[in-house]
Structures are given as C-alpha cells and as structure tokens.
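Over in TrEMBL, the protein carries these features:
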- B:20-38: transmembrane segment (TRANSMEM)
- B:45-65: transmembrane segment (TRANSMEM)
- B:71-90: transmembrane segment (TRANSMEM)
- B:102-121: transmembrane segment (TRANSMEM)
- B:154-174: transmembrane segment (TRANSMEM)
- B:203-226: transmembrane segment (TRANSMEM)
Amino acid sequence: MKTSVKKIVTAVGASVALMSAGQAAADIKVGIAGPMTGPVAQYGDMQFSGVRMAIDQINKAGGVMGEKLVAVEMDDVCDPKQAVTVANRMVNEGVQYVVGHLCSSSTQPASDIYEDEGILMITPASTSPEVTGRGYELVFRTIGLDSMQGPVAGNYIAAQKPERVAIVHDKQQYGEGIATAVRDTLKDAGVDIAMFEGITAGDKDFSSLVTKIKQANVDYVYYGGYHPELGLILRQARQSDVDAKFMGPEGVGNKDINTIAGEAAEGLLVTLPPSFDQKAENQQLIKAFNEKGEDPSGPFVLTSYAAVQLVADGIEQAQSKDPYDVAKALRSGSFQTPIGTVQYDKAGDMKSFEFVVYEWHSDGSKTPMN
Amino acid sequence: MQDLLYFFQQLINGLTIGSAYALIAIGYTMVYGIIGMINFAHGEVYMIGAYTALIAITGLTAFGIAWLPLVLIVALICAVIVSSSMGWAVERVAYRPVRGRHRLIPLISAIGMSIFLQNYVHLAQGSRNIGFPALMDGGFQFGSADSFQMSLSYMQITIFITTLICMTLLSLFISRSRIGRACRAVSQDLRMANLLGIDTNRIISATFVIGASLAAVAGLLLGMYYGSVDPLFGFIAGLKAFTAAVLGGIGSIPGAMLGGLILGVAESMTSGYLSGEYKDVVSFSLLILILLFKPTGLLGKPEVEKI
C-alpha cells in the first residue's frame with residue numbers, strides 16, 4: 001500500500017514537473033557545449049563569449065518567431081567521453097539545437113547522438129572532415145575543414161621553396177588529420193619530406209625530437225596539434241639553436257602559446273580563419289564586445305556568434321521549430337553573418353571558407369603574410 | 001663524425017632526463033624499502049614542487065630580484081619546504097591510519113591521494129599550462145657550425161651537477177648519519193627496530209620528507225628545463241620514475257639511480273633512432289622484460305621471507 005502511494009505521489013510530481021516544463025518551452029533552448037575547463041579552455045572562452053553575445057542581441061531584437069533563446073551551457077572538457085555524457089544530458093534537457101562541440105574528437109561522438117535524437121548541431125570550431133563526412137542530416141559547421149587548411153599551409157610552405165620539411169603531429173584526430181593533409185600537398189608539390197613523426201600529447205620532453213629535427217637539417221617544421229606541445233617544442237628547439245621555421249594550424253594560434261614558448265613563439269606561422277573582427281561591416285558588433293569587456297579577436301568568437309545566428313535565421317526561414325525543417329532551410333538558403341555569406345552544401349559544410357597564413361609574434365599579436 | 005655527435009647529443013638528452021627520473025625514483029624506492037608500499041601520490045608531490053618553484057620565481061621577479069643564483073636558491077628552498085611538508089602530511093593523513101592492514105589498502109589510499117592532489121592544483125592554479133620564465137639560456141656548442149652541432153646547455157649541466165650533489169648527500173646521509181642508520185634498520189626489520197627503541201613513526205615520516213624534497217628538486221629542474229607546468233605534470237613523470245625504481249630494483253637506492261639513467265637513455269635513443277611514437281613502448285617493454293626475467297630488478301636483493 002505504502003509503495004503505491006509513493007508511486008502516485010511520484011507520478012503526480014512528475015506530471016507537474018512536465019507541465020511546468022511545457023510552459024517554459026515557450027523559450028527556445030540552445031545547447032552550448034564546449035570546454036569550460038581543461039587544457040584548451042581558452043577556446044571554450046571564445047565560443048561562450050560569441051554565443052552569449054549572439055543570444056543577447058537576438059533576444060533584444062525580439063527573439064525568434066516571438067520566442068526568446070535560452071542558453072543551456074555544458075562543459076565537455078574537450079574529452080570524447082565527457083562529450084558523450086554532455087550530449088545525452090542535452091537530450092534529457094529537451095534541447096533541439098546545439099552550438100558545439102569544439103574539439104573534433106568530441107564533436108564526432110557527440111554528433112552521433114544528436115543525429116539519432118533529432119537535434120540540430122552546428123560546430124563553430126571542429127575542422128575534421130569526418131564530422132560532416134558521414135552523410136548526417138543535422139550536422140553543420142561554421143568553420144572550414146582540415147582538408148582546406150592543410151593545403152593552404154602546404155602550398156604556403158611549398159611556395160617558399162624549402163629543401164627539406166619535417167612534419168610532426170600529436171597522433172590525435174585533429175593533429176594527425178591536418179598533418180597528413182599538409183604532407184600530401186607537399187608531396188604533390190615535389191617537396192622532400194625528411195620526417196613524418198608522431199609525439200604523445202601531454203608529453204613534456206622533446207629534446208630527442210628537437211635533436212632529430214636539427215640533424216635532419218630542415219627549413220620548415222609543420223606541427224599538427226595544439227599549443228601546449230608546440231609551445232614546448234618551440235622553446236626546446238630555440239634552446240638547441242634549431243633555425244627552422246615552424247608552422248601550425250589554428251589549434252596553436254592563441255595567446256597561451258606565448259606564456260609557454262615566450263620569445264620562441266616569435267615568427268611562428270599559423271593558418272587561421274581570416275580576422276573577421278577586422279571586417280568593416282562587423283565594427284558595430286565588435287564595439288558591443290568591447291563594451292562588455294570581451295575580446296572578439298579569437299578565431300572562434302564570431303564563428304560561434306554566426307552559429308547561433310544561423311539557428312535563429314534557420315528557424316525564421318523554415319517558420320518551424322522542427323530541427324529537420326531548419327536543416328532543410330539552412331541547406332537551401334543563403335545567410336548574412338559576421339563571417340560572411342553562408343551557404344551550405346549537402347554535407348553541411350560551408351560552400352566557401354578561406355584560411356589565411358599569419359605570422360605570430362611573441363607579444364601574442366599576429367600579422368597576415370602575403 | 002656527424003653521426004657520432006648526434007649519438008652523443010641523444011645520450012646527453014637521455015642522461016639529463018634520466019637523472020631527473022632518478023631523483024623522483026628515490027622517493028618511490030625509499031618508501032617501498034621501508035614500509036613496502038608504493039606511494040602513488042609521489043608524482044603529485046613532484047608536480048607541487050614545480051608549481052611552488054614557479055610561484056617563487058614569479059614572486060621574486062615581480063619584486064625586481066633577478067640575480068640568478070639567488071632566485072634559484074630561494075625557489076629551491078620554497079619548493080623543498082612545501083613539497084616535503086606535503087609528503088609528510090600525505091603520509092600522516094592517508095597512509096599512517098591504514099598502515100599494517102592488507103597491502104591493497106594503502107595502495108588505494110595512495111591513488112586517492114594522487115587524484116585529490118591533482119584536482120586540488122586544478123582548482124587552485126587552473127588547468128592551463130603555465131610557462132616558466134627562461135632563466136638559463138645558452139650552453140656549449142661542439143662541432144662545426146655548418147653541419148650538425150652538438151649542444152650541452154647550461155640547464156643540462158645544472159641538472160647533472162645538482163643530481164650528483166643530491167645523490168652524494170643522500171648516500172652520505174643514509175650511510176653515516178644517525179637517522180640514516182635508523183632508516184636502514186627499519187627497512188631491515190620494522191618490528192625489531194621498534195623493539196630496540198627506534199621511533200619508527202619518525203623514521204617513516206623522515207623517509208617521506210627526504211623523498212619529497214628530492215622530488216621538489218626534480219620539479220624545479222625539470223620545470224625550468226621543459227619550460228611549463230600543468231596539473232598533470234606529475235602523472236607521467238611519476239609513472240616513469242616508478243618504472244625506473246622497479247627497473248633498478250625497488251627498495252635499492254643505487255638501483256633507482258641506475259634505473260633512472262637507463263630509462264632516460266633508452267627513451268632518447270628510441271626517439272632518436274626509431275621514432276618518438278615508440279618511446280613509451282620501449283620504456284614499458286623494458287619494465288615487463290625485467291619483471292619477467294629478473295623480478296627483483298637490476299640491483300635489488302631477493303626478498304627473504306621474514307619469519
């Protein structure tokens with residue numbers, strides 16, 4: 001008897017909770033998943049700052065179809081296991097649109113869950129081709145692909161006519177993918193690749209690797225991976241008088257590399273999305289960021305802003321909150337965003353997205369090459 | 001000639017990292033020698049040493065003190081004090097209450113302590129990499145400038161010399177001093193030493209403090225050598241040092257030194273002549289081989305069942 005009373009109370013409680021959830025659903029929940037903590041949390045900061053600004057401005061301008069956007073923020077630490085947990089929690093929260101994740105190795109497992117559960121996902125940072133390469137209907141991105149970034153880097157190096165090039169990567173999906181793309185481009189250009197070698201992410205001692213690079217007497221070293229390892233490699237290479245030029249993908253292009261490598265970061269080449277914050281048509285938005293005391297110059301701030309805007313515009317265009325309708329609208333339409341005009345192909349990739357080669361300086365600033 | 005220089009360069013790289021492993025390995029081996037447990041939180045004590053040294057260096061630089069020997073000595077003293085009190089506290093809080101129980105219990109307690117310390121630093125210092133200022137640049141160059149040049153940096157020399165001094169002091173301490181003699185007695189037979197009037201609790205605490213101080217020295221040196229610290233700094237280093245301790249024969253101090261050097265050289269030779277990808281494969285295969293064919297390690301004594 002007692003248990004059945006308990007059951008009834010639970011059932012009533014649950015239905016009350018459901019009803020109140022039903023009322024709150026007048027808002028549109030947008031899930032934001034990215035690293036708030038962990039070794040690459042600074043990229044998460046860019047993402048969250050862009051997303052919050054977009055939600056703020058869209059709500060101030062009257063919301064989407066008369067409803068307000070509400071952010072549901074979760075931390076995936078850029079860890080594939082955590083990302084899956086976060087994705088499941090998003091499902092439980094009743095989120096229908098997710099802006100995230102950041103690291104390709106997190107985005108990929110999470111996107112399996114979103115696709116199965118009918119949640120639309122736009123990643124503002126994952127560049128691995130596999131994210132959109134599996135024929136998913138609900139997976140989009142507001143950034144280019146490794147397969148675009150690799151050739152940009154490869155062609156740049158090839159154009160400098162180096163005698164020998166070394167390629168190093170961290171054996172992770174992002175790093176190795178991009179390093180392979182660079183190697184293929186260089187091979188096609190007929191450049192001699194003296195070494196292609198993996199390191200262990202999280203390692204600290206690169207003295208043997210640096211010695212090997214020195215012995216190989218290369219002109220360029222391309223590193224596929226993130227800044228904590230490259231920072232140490234740069235620093236240790238500098239101490240051993242390696243005079244090769246280093247280059248890396250956007251995963252190394254943030255100010256934390258300066259705190260690790262110090263002076264050795266001067267002259268590092270980085271492929272980054274173009275500085276959207278320098279574009280004339282974005283100046284009003286940039287002012288809004290500056291007024292909030294936030295830095296809009298990070299590579300993922302405005303891609304994250306654009307991702308939220310695309311969710312909102314997609315809903316407006318489809319005149320429906322069903323993620324499948326929104327996905328259809330995104331594929332058929334053309335949208336004005338701070339990262340330019342966005343048009344999607346069938347896979348969910350932008351039809352055009354360019355990467356630019358920058359030279360990094362030891363004070364954390366960068367200047368475009370060309 | 002060039003190949004020879006390359007070989008020596010990799011040898012130097014290996015010996016540098018190996019001597020630091022040896023410093024950390026002492027902590028594992030001494031604790032095992034005395035109470036027969038593996039202190040898995042030792043890697044974290046080393047990490048905390050590196051953080052303390054970094055904080056001290058940053059603090060001194062902020063006050064405008066930049067005279068290198070002074071900065072290093074102050075950083076070293078701070079690191080040793082904080083780490084050794086940490087080592088003492090860990091033993092007091094996590095190991096002493098469970099001492100004498102089943103062997104697994106202190107082991108689990110140690111792993112818990114390690115996770116706790118790692119996350120504590122995550123909270124207190126943030127999870128990002130923090131860079132050490134470059135204090136000691138430059139070094140000696142060998143070989144002609146237009147081909148491969150072997151370099152021996154001042155930092156590497158400092159690591160060799162400091163390790164050598166620490167090891168000599170430790171050997172003297174263990175063989176000559178009163179506490180050292182007590183340490184040896186306790187490691188031979190804890191209960192008998194107790195009966196003969198040795199305060200074994202104090203000796204065990206002393207062991208933890210000595211191990212932690214050497215780890216702090218390694219923390220300062222390696223932090224400066226690599227150039228950055230993060231809260232996971234101690235995990236891999238701890239694992240490697242533990243391997244070194246087992247390789248040399250756990251419980252034996254000269255064994256830990258030898259094991260550290262062998263491991264360091266094996267690692268750098270593997271990444272120098274094979275590929276960096278096989279570095280950890282080789283070092284842990286070495287461990288498995290030693291455990292299979294000489295379970296007591298290179299310099300370890302076979303354990304005699306105490307009746």
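The backbone N, Cα and C atoms fix where each Cβ goes, glycine too.
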Same-chain residue ranges lying at least 6 outside the transmembrane segment (B:71-90) that approach it to Cβ under 8 Å: 27, 39, 41-42, 45-46, 48-50, 52-57, 60-61, 65, 113, 117, 135, 205, 208-213, 215-217, 219-220
The transmembrane segment (B:154-174) vs the transmembrane segment (B:45-65): 3 or more CB pairs under 8 Å: no
Intrachain neighbours beyond the transmembrane segment (B:20-38), with Cβ under 8 angstroms and 6 or more residues off its ends: 45-46, 87, 95, 99, 103, 106-107, 110, 159, 163, 166-167, 170, 183, 186-187, 190, 203-204, 207-208, 210-212, 214-215, 217-218, 221-222, 225, 237-238, 240-242, 244-245, 248, 250-253, 255-261, 263-264
Same-chain residues at least 6 beyond the ends of the transmembrane segment (B:102-121) whose Cβ lies under 8 Å from its Cβ atoms: 35-41, 43-45, 47-48, 51, 86, 90, 93-95, 231-232, 234-235, 238
Contacting positions for the transmembrane segment (B:45-65) when only residues 6+ beyond its ends and CB under 8 Å are counted: 24, 27, 71, 74-76, 78-80, 82-83, 86-87, 90, 117-118, 121, 125, 130, 132-133, 135, 211-212, 215-220, 222-224, 229, 231-235, 237-238, 241
